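Colleague: What follows is a structure written as structure tokens; I'll ask about it next.
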Amino acid sequence: MQNNTKFKAYIMLMRLHRPIPILLILWPTLTALVLASHGIPDIKYLIVFTIGVVVMRTVGCIVNDIADIDFDKYVERTNTRPLTSGKLSVKNALYLCLALTIIAFICVLFLNLYTILLSFVALFLAVLYPFCKRFFAIPQLILGLAFNFGIFMAFSAIENQIPLEAWIFYLSTICWTIAYDTIYALADRDFDLEIGIKSSAVLFGDKVFKYIFLFNFISLILLIALGIYLSFNIIFYIGVIISAFLFIRNYFLYKKLGITNCIKAFSDNHWIGLIIFILVVIQYL
């Protein structure tokens, strides 16, 4: 029984019981693979990048819980996490984090030297984000850089370069990430204000909804720019319009505030990532 409890604690530490953030990282990465391949990517890249996304997401979660262990106990949503509640020790977490990092590095060894070098930047960003909440006003920006860095790695792995379309798509996904993680941060804003944690939801204050709209809008404009640059057909732009309607639908959900509404609005963003992925695949059929 004790082993079963500890196993569940490890699952919670790695957030494997909540797969939506994995999808939020995976869809842009897979989309970048399709863009770089000008069609369906080689199975090797699909396997390596999918494993890499899952593993690095879990590494980020573990580092986050280690960094926030003294803060999480004051936040209603996080005070039952394995490290905060004592179900696992920091030593347990560090060993797991090291093992997962080694797995990620083994995966990247199947790629070219350029991508291997970029993987160190990806690791740095993943580790940096949890600590930014102490000193950086918009840690969601760092999260956007980290979550979507797989875009650069996808292009470097296949094309051995980072072309203009990669930059356009990367900037679009960063804006998208800032928007949806600001929604997520709304769930904890009152607690963050009390304990001095920084977030875009805290920084934007009463204008937070306007800023979420702004970042979503910029994200869509950059997607349109990507479509124009790559000469995509009308189907792509119809999908962008559908994404805009989903952003509007989410607005009426997260505007109600409350943990449940904010988490639901945050989670629903993965459908937008899926839509863009499907639209890009269609362009190369």
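In case you wondered, yes, glycine gets a Cβ from its N, Cα and C as well.
Pulled these from Swiss-Prot:
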TRANSMEM  20-40  transmembrane segment
TRANSMEM  43-63  transmembrane segment
TRANSMEM  88-110  transmembrane segment
TRANSMEM  114-131  transmembrane segment
TRANSMEM  135-155  transmembrane segment
TRANSMEM  166-186  transmembrane segment
TRANSMEM  200-220  transmembrane segment
TRANSMEM  265-285  transmembrane segment
Colleague: Please figure out which one of 20-40, 43-63, 135-155, 200-220, 265-285 racks up the most CB pairs under 8 Å against the transmembrane segment (88-110).
Modeller: 43-63
Colleague: Quick check: do the transmembrane segment (20-40) and the transmembrane segment (265-285) share at least 3 Cβ pairs under 8 Å, counting only pairs 6+ apart in sequence?
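Modeller: Since 3 or more Cβ pairs under 8 Å link them, the transmembrane segment (20-40) and the transmembrane segment (265-285) do come into contact.
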Colleague: Can you tell me which of 43-63, 166-186, 200-220 gets the most C-beta pairs within less than 8 Å of the transmembrane segment (265-285)?
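Modeller: Looking at each of 43-63, 166-186, 200-220 in turn, the most contacts to the transmembrane segment (265-285) are made by 166-186.
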Colleague: Sort out the residues at least 6 away from either end of the transmembrane segment (200-220), same chain, that have Cβ-Cβ distances under 8 Å to it, and list them.
Modeller: 137-141, 172-173, 175-176, 178-179, 181-183, 185-186, 188-189, 192-193, 240, 243-244, 247, 251, 254-255
